[in-house]
Amino acid sequence: VMASMAHLQKEKLRLQEELLELQEKLAAQENNELSLSLQLQGQVETLKAKLLEQAQEISRLRSELGGTDAEKHRDLLAAENERLRQEMKALEGELRELQRQQQAPCRDCPHLQENAELQEQLSQLQREAEEARAKLVELDLEVQQKTNRLAEVELRLKDSLAERAEEEERLSRRLRDSQETIASLKSQPQQIKYIIKTVEVESAKVKQALCETQSRNQYLQEQVGMQKQVLKEMEQQLQNSQKTEAQLRAQIMMYEAELERAHGQMLEEMQAMEEEKNHAIEEAFSRAQVEMKAVHENLAGVRTNLLTLQPALRTLTHDYNSLKRQVRDFPLLLQETLRSARAEISQAIEEVHSTNRELLRKYRRELQLRKKCHNELVRLKGNIRVFGRVRPITKEDGDGPEAANAVTFDADDDAVLHLLHKGKQVSFELDKVFPPQASQEEVFQEVQALVTSCIDGYNVCIFAYGQTGAGKTYTMEGTAANPGINQRALQLLFSEVRGKAADWDYTITVSAAEIYNEALRDLLGKEPQEKLEIKLCPDGSGQLYVPGLTEFRVQSVEDINKVFEFGHIKRVTECTNLNEHSSRSHALLIVTVRGLDRSTGLRTTGKLNLVDLAGSERVGRSGAEGSRLREAQHINKSLSALGDVIYALRSRQGHVPFRNSKLTYLLQDSLSGDSKTLMMVQVSPAEKNTSETLCSLKFAERVRSVELGPVSRKAELGSWPSQEHLEVLKTLLGDSPGPAAPPGRGHASPSPGQLSSRSASIRRKLQTSG
């Protein structure tokens, strides 16, 4: 019943949606019909406007053109006007027909899109006609401009012709005057010659008159020459004027030809535009007629569909009423179903929660087991264990985006941290990661197992690495109120020694040294500036030692505090841009624990090296100058040598460059497989230090992959007072004592040679154990 009711409900919803769709389509069809009628009215108004424009164009052409061509064009325009009136009447009749048919609803007209496209084409053709009309106006303006220019040229030509006529008149007058002067001059020289001939024999007075006449004759000849030159210049000007006149006439003819050509082009373009306009109007009306036919056909189809849909609508109404009756009874059934479904869902959610709690408990247990197995594997392989500690953001980091926290931690795995560097997140996996809120006590709890193995005769090395200002000295030394690893380690050693005081005698000695500018100095000696050297032990064991290094025997916490205070005063620290109290040297605290088992005579020697490395720094950021710059160069050089040693150990090279630096040479015992080594990498979470933090964490990952091999225990046997001690030692080592001698036989004590050989075998067993 529920399935049937759900099906009927779906069917009801579907029919309601179809009914709504039909109503929407009818409304859309009515809107389309209304918009179509408005478009046709707009087209009629456009055609009326075109008729007015044609009438204006006819009047303009009548005014511009004359004669037979104007009458022919007028007749053509009148015929075109009559045809447009007929088309307008036809469109008005179609519009009235559409308005009558608007009352009848239509639906799903497939030609509406095509009608819109045709109307868009019609509007485009109208726009093109407007553009052609604008172009025609531009051509008229251009013709008017050329006509004005031609009139100006004609005026200039008339002015130049008048000037030339005046110039010719003036030149002709001057020519006539010159010719008259020449004629008069030609007539005068004969009289002078005659006088000269006749007066040759006359008196002195006549001679004087003859001289005057000759001078005048010379003056007149000069005047004739000048007149001839002026005549030549006038003839040259006349020729130039004739050439200018010819050029102006040619230019006038060219302008007239260009004017006629422009006028012909304008007429051709007007005729072409008229033809295009007529052709476009004919095409638009033909398409409109085709579209109107299609619209009529669609309207008939819509009417048919409406007639067929009425029975279906009555059926849907009947189904809807039946569904409505069923829906009245549906809420009770639905509430019952919802109650049962809620109960089942609550039970399923509770089961999922319990399963998730169990899985989380198992996951955490497996994670602890994995870490335990991993630590055991690291111990067996001899890997260098690497812990990471992130210091909190301090006021020295400043404010703003550079002091933002760029380090995040994994909530499910305390050995993983994430660094945001240049917009990308980089993940690193170490053996243990301490967040900024971790205390000194929590850090020491993770390393105290290594410290206590020093009592059992193992060499242990713990060194802090990181950039300057990352908190290395705080982790290793701490403060008076909150001490670091160094003081806590010695306190733990004293506690362990007191716990084993019943069977063992222990001696604890402490030495402190620093490597400053590649020079090894004794911090507990009387002359701290004295340079020490690192040498091999003369006993042939291959171990390194520092001759002349001061050792203090400590027996209480007070002795430890005095040693630390004395060594801390002599250590070199300076202020830089990155750290107010920056360590300028590598500090090394050597704790030697020598033990003697009073019952077996077993001697053990363990050495604990606690190293506080100087911080790597960029000279540009630290602002180091002078001696500070030289210190920074030596620090970076020794840390680079440490990186080379780690690379050689990681790649298992045959030669490891321990002697490239005093630091690596002094840590050779800790890095060559005969020591349990832990590196504490200190990082800064500030955004401005992400580059240095990235380098430190990458170096820590490389160090973590170095395998040093199994660690050997430093233990040896002393002299044995009796055979009973040897038998007890053999029992402790797992050798079952031999059977007792039979009572009838005498048992001789072992000879000294036999005792020494058995001691050597026991020593070998002790060295291979542990």
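Cβ atoms are placed via backbone N, Cα and C, with glycine included.
Quick look at what TrEMBL annotates:
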- 5-188: coiled coil (COILED)
- 224-283: coiled coil (COILED)
- 383-706: domain 'Kinesin motor' (DOMAIN)
- Gly466, Gln467, Thr468, Gly469, Ala470, Gly471, Lys472, Thr473: ATP binding site (BINDING)
- 732-770: region 'Disordered' (REGION)
- 734-753: compositional bias 'Low complexity' (COMPBIAS)
- 761-770: compositional bias 'Basic residues' (COMPBIAS)
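Neighbour count (other Cβ atoms within 10 Å of the Cβ, all protein chains): 27 for Ala470 (ATP binding site).
Annotation for Gly466 (ATP binding site): same-chain Cβ neighbours under 8 Å, separated by at least 6 residues, are Lys472, Leu613, Gly615, Ser616, Val681, Gln682, Val683, Ser684, Ser696. When pLDDT is averaged over the coiled coil (224-283), the result is 81. Most buried of the binding-site residues Gly469, Gly471, judged by other Cβ atoms within 10 Å, is Gly469.
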